[in-house]
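Copied from TrEMBL, the annotated features are:
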type: SIGNAL; residues: 1-17; note: signal peptide
type: DOMAIN; residues: 83-406; note: domain 'Peptidase A1'
type: ACT_SITE; residues: 101; note: active site
type: ACT_SITE; residues: 299; note: active site
type: DISULFID; residues: 333-368; note: disulfide bond
């Protein structure tokens, strides 16, 4: 098995290591392409090229099942250090709490809690017992996976997992059951690409499609504001009462097939084209130039966002930040109560995600950390972590190989649009968020 480049060291808290979208969309071409401008050429050099989002081929093996969307609630750990989901697996059902991770693609259970990053949390998350499930099968295949500062070793099993508030049994799901691990929090549910690029077997999202529960490998995600714990995942659907305006398509770059040839894996990398802030009572300040371009991985498994050290240093000055011996920037917690924003821009201003100070600055009780930290020197580990994700409504689209984003702005009761009926084309032509 390949050693994964999923940057789990980004999970650890300190001490551990005015733009608008038009009210009407431009005309589409045919039903299989989306035209999007991209500000990045090969090898990370800035430039402007026209690109085409190609639709993947999607089939469902059981067409007798009426396609529909399904949802699972999310909860936060320590006000957004990581985001969690309870899964029911086995017969009878065993409930396990796992970390939701768009930076990886497999399900791993049963870490060694004596060596966990938080032993108490690890124990409380539960363990899967194969011998207690009549539908469990030992696949007799071993694995080792590394996540930066920690990892798992164990064997693969298969069993039935229930998804969509337990309405959908997903039988024969392959996942890892660990014999040992080092410095991980709990189990992980990876929601990246599966069999199409990264695995030899069908992962959870693959199976939801192949069983006909949904027709398209797409899911939307919001994690809610820091401290409110009201997020959810919707497979095959979008909640239009969680954002306002259009969702902006961000093409994955490099394209997944290029990622596979370059890095032996494909993940949700998008292109950031501007970065800045608005201090309370002041005008917006952009601290990047017009040619700025950085590919960033959208990763719910990362507590922080990570970017160039010089940009972090410029931003840190606006928050009177101090830096500790481990290189972590801390800020006075009073900034979380101020009406300011940090701005993440995409597609040259077609979409800017405005992160409120209170969601961008991470609270660890008596201390608060800047939401963006320097990427490791010499390593392009640029990441859009939870300090970005809290301020966005995001659709992860494995049909067009894109990530669609809008500013998170909840209003009213849920209003979910089913994406299965028209293979996700509604994202481009029909879905406009707001109450």
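Note: Cβ is positioned from N, Cα and C throughout, glycine not excepted.
Projection of TrEMBL feature records onto the structure.
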{"residue": "101", "record": "active site", "CB count, 10 Å": "26"}
{"residue": "299", "record": "active site", "CB count, 10 Å": "29"}
{"residue": "333", "record": "disulfide bond", "CB count, 10 Å": "15"}
{"residue": "368", "record": "disulfide bond", "CB count, 10 Å": "20"}
10 Å Cα neighbourhood of residue 299 (active site): matching recorded positions from 101, 333, 368: 101
Rounded distance in angstrom between the Cα atoms of residue 101 (active site) and residue 368 (disulfide bond): 23
